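Participant: Just passing along the structure, written as structure tokens.
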């Protein structure tokens, strides 16, 4: 039987030699003598040889070829079974049986010696396509295939008959021989190239052991790729008896395993089949979180799909083109997680190694850009991110000089001389002040006030009754001249009103009549989304749902892997499986960051415990509760309002006033008709921590003399609404201004008693207010006195606190706070003494100080006192002197002051009835 195999092999070699005149093969005999193929006698089917051996693979340095040779030898029987005809259907169904495989492969040459060599001068044979690669005529290419066929000689009829006899007598397990293109078209018309589009390369093996003109070939079983259709019956059998491994691999989008060629490896320049390339391109897509502030619709980001090989320049150009024409700009660049520097344009998305927590920001460098929709001919105005309002007003005047009725505002010569003579003090650190006058005092000079003002339209709903003329009056926030624009949370699509100043009492609604409407085209604050409106319960649900999805996906993947392992025990080698799985794992880490398996069960248990803790958490007793308002499901344990829209929940009535960072409005709760006060604050990077601290302190306070906190609402990206008690009268300072009168001694005593009660409660909680003054003492319609404004309050973790910057109002600061020395709750006692002088005389002492240099001298000055002490009782004078002790150690506490005779003799709040009625009537008439 072995002699028959050798004769068939020799016959195949003779057929190749007869069709290739330039091909000469040397055969090594048993005597170690090389015999040329031209000297060999013609062999027929009865010729028997047993001296031909297979080549030695040890000289091949290509590791991939060695692995593939081993795979082919191990799976030799299975590969041959896939090419059987209809006559061997039973054998194909039992392709895992080694006995049947050996019986079906009787004609396979297995007794060839390992020293067979061939010499091919300047040629290379590719059996998958039947093309001679190094031919000058590009044999095997689609364009020159017909030309190559004519250049080859047709085989004689005798050889054709021999081939037909061989094909009819041999078993189907014998693989077709390597044929030239001309012979292949005659004998095997069904044999076609596995991939005609594969380019043909002229490269040669680069192994140092391979001579340039005599490349070594390995002679394995002459098998073609599975893509070659040998006959119709073979194709049907292959489809019916296809291995389950290939089906599972296709379902997992893994690259199809390709068998190695019989003589040489497929060229590295050849492409994969179309199905494999399409699957790889699908895996190459990446889902990315993109922040587009110009398209903000309530979500912090959008998910877009891009190719992993796309450069950041291409992605930014694509996103920029999808914006509306007004927001398209060549300045837009990509920033990873809102970093300061943009992403280099040459990097690809795969190079960034994005995770599910990363967000790409499409923005430009920090700056402000303004446009006028009604006057597009004016173009746009670009300003620095740290510009102040007064400088901004001057720029806008010059920008709009063509459409203004008069020339830009210019200062007089006397005012310019005064400005030059007045020194400007440089403040190294950021100082927090609560009023415009305090800011001017600390800046070291009185700046020139412009005749124009700038208003910011707030996102507060207005009713139809407020429509006056062409423009809605709405609700606007005045921007103070000495404040930087970054303090007001100006963002993209905000509306500003540029108009002349109108003198008023500061209590009426600012309207936009006669002003020019300006739209913010770009703002750096739009790049800073906050998570204040994110619900913890919602986040836990999303995390739990994601973990459940991941577990389901992992279970499905494990089931598929088990099926694959059961079906692929005899079909896939260990090397190929390891390589494919490693590639897929690396791809999943980069392209599918959301599908991450979490094996840490303790983490899941912590999340569940935290969720149960949140649900079972009761309202702390230290939180100010709205006792006379009905709360429904739209208020959570953190007092965050959600559910219905703000417009449907509250009805805005009027603007009560404003400060340096926000405004206060009176609203009605529609369901209960209960009045509330909403403080609208602009969220900025420098104010986020202060606002969060203020809310945290409000939630911890439950006292009749402390302003109650009803919750917070995140209406938009850079605005936060704080719900508080509505004090219809307003502050003591507003009441004195409206009534044009100060308080008498009885009224001061009752106010002091209630303030001490509130301060005593705060100090018991470790909270230092640090900004006690008449403007922060509020009165309700029922004559209840409450302490408000915790914007600069501090909760001391130790006995003493340290102030590194000036905190509070400068004229009310305690000496230790001015000197930036350690302080404690007794700093509020000093501020209370200054407030009592303000209530008695209408203004605080040391009002004539004009600079910080003079203010620093307060600790060295004698304690302040009343201007006319004789007009007041000795008890009141003694109480003031007790509060205004410069040494904090000698200064009394709240408990000590409550035992003073001035407080013991205090009456009820009915002594304030006349002032309260006068104030309410004046407010209603406005």
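Note: Cβ is positioned from N, Cα and C throughout, glycine not excepted.
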Participant: Labelled coiled coil by Swiss-Prot, one stretch among 500-533, 534-567, 568-601, 602-635. Can you tell me which?
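Facilitator: Spelled out, Swiss-Prot records coiled coil over residues 534-567, not the other listed ranges.
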Participant: Quick one: give me the count of other CB atoms within 10 A of the CB of residue 658 (ATP binding site).
Facilitator: 20
Participant: Compute the C-alpha separation of residue 664 (ATP binding site) from residue 771 (active site, proton acceptor), stating it in Å without decimals.
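Facilitator: That comes out at 18 Å between the alpha carbons.
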Participant: Taking just the CA atoms, what is the gap between residue 658 (ATP binding site) and residue 771 (active site, proton acceptor) in Å?
Facilitator: 17
Participant: Whole-number answer please: how many Å between the C-alpha atoms of residue 656 (ATP binding site) and residue 771 (active site, proton acceptor)?
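Facilitator: Computed Cα spacing between residue 656 (ATP binding site) and residue 771 (active site, proton acceptor) is 20 Å.
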Participant: Using DSSP with the three-state reduction, classify residue 771 (active site, proton acceptor) as helix, strand or coil.
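Facilitator: Once the DSSP labels are grouped into three classes, residue 771 (active site, proton acceptor) ends up as coil.
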